[in-house]
Amino acid sequence: MMARQPGMQRPYYYHVTTGETTWTLPPFPPPVPITKEPEKPKKKTKKPIPGTDWFLVQTPDGLEFYFHKPTKKSVWEIPEELKEPIEKMKQEALEQQQKELEQRQEEQRKEQQRLKDELEKEKLEREQQQQLQAKRKAEEEQEQEDVKRPKHDNDEEKVGEKQDEKEKDESQKDQPPETTEMTEEDLLYQLEGMDPAELEAMGMIPSDEEASQEQLPPPPSQQQLPPPSHMPLPPSEPSMTEEERVELFTQMLSEKEISPFSTWERELPKLINDERYALVQPLSKRKNLFNNFCRILVQEHKAKKPISKKSPEDDYMSLLKQEATVKMYWDDFRRKVKNDARFKAIRENKTREILFKDYIKKLRKEGGSGSGKDTSHVYSSQRDKQRAYMDLLKETKDIHRRMRWRDAKVILEKDDRYHAIDSKHLREDLYRDYLDDLDRKKR
């Protein structure tokens, strides 16, 4: 802190904690360094693949590999036997994510609806509060007018009030009423000084005065305030049943050209100025009737739509029969038919690929070549298939003794005789036997 002794013009600096004093300004403490919390390393996840002994393992770097638990084998490339289970597992994961997203959207929609209902409720409460305040203000004004009456009127009112209190006290004490002799003029004088409300409560209003009171408008305190401008007046039909009210409300909905795909909030401006809007109470019942009305409109709209004779899947299958072959890969097929309308009829690319692969598998099992042509390699027995496969190996001049199986497979899989052997292990074993024959012949 900075201090100054009496009689000294020059200030000095004093440290409260250490008691040190100095003439020069001490340096400020260095700023506190901002430490950033280190990011937590991601954990390695391991998911079992349904129906197999394999696991899908994801590393902290986001990479994936496949682990076979019985053999403790790990591979980066997806094995052939896992393609369908992996595809199914990923599809289920996507469906689960879509389901969770829909649930979150539904919760958000409900929360928004709840907030809107609360706002509408608060608005109605404010309007009711304003009506009560206006009514109280009118009563206060009426009381102020009563205060401004002439003094003799007030004296007469006080006399009447004292007389009422005296009669009340006497009735509570179970004493007989006090009999006083009053002339007709005295009685009329007292009646003229009392309020009409008091006379009406006592049942002493004469018939001619009662008729005149019916013709006069009620005081402001007794007048019912008009409803807000945005609320329509309900029809004055007290004998109307609930079914008739619902029927009139539904008739109003049909006349207002309601869109079945819209919401209550968007269509509300069309309805709120109609007198039939206020027939149904409360607000939740109006919304339920509106939603049911929209649901019926949607069903009628669907019933009017013409039924297609042929689905997009059928058109796509006809395209596969016309253009796809056993030797063809998905990318080749997609480039070839990408402008075809039957190809575009299936919107999701993943669905197209799945249908294509299923069709190719079916062709290979049947021994066909696809594209509407008959194949010349249809074999009646497994032995004929193996013999044809060995002929394929002999005819392929690019195969030599040092060639690896994965390199040879790329060359052989273009021929139908390669796909005639269903087992991939048998293909590789026959290939190994063929290489052994080449070694023996070389010697």
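First residue shown is number 1, and so on along the chain.
From the backbone N, Cα and C atoms, a Cβ is placed for every residue, glycine too.
Straight from TrEMBL, the features:
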REGION    23-53  region 'Disordered'
DOMAIN    54-81  domain 'WW'
COMPBIAS  87-128  compositional bias 'Basic and acidic residues'
REGION    87-245  region 'Disordered'
COMPBIAS  145-176  compositional bias 'Basic and acidic residues'
COMPBIAS  216-237  compositional bias 'Pro residues'
DOMAIN    241-296  domain 'FF'
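Sequence-distant neighbours of the compositional bias 'Basic and acidic residues' (87-128) (same chain, 6+ residues past either end, Cβ-Cβ under 8 Å): 47, 49-50, 56, 228, 265, 283, 354. Taken as a whole, the domain 'FF' (241-296) shows an average pLDDT of 87 in this prediction. Packing against the domain 'WW' (54-81) from elsewhere in the chain are residues 41-48, 89, 424: each is 6 or more residues past its ends and has a CB under 8 Å from a CB in it. Under DSSP, residues within the domain 'WW' (54-81) fall into helix, strand and coil as 2 helix, 13 strand, 13 coil.
Per-class residue totals from DSSP over the compositional bias 'Basic and acidic residues' (87-128), listed helix then strand then coil: 42 helix, 0 strand, 0 coil.
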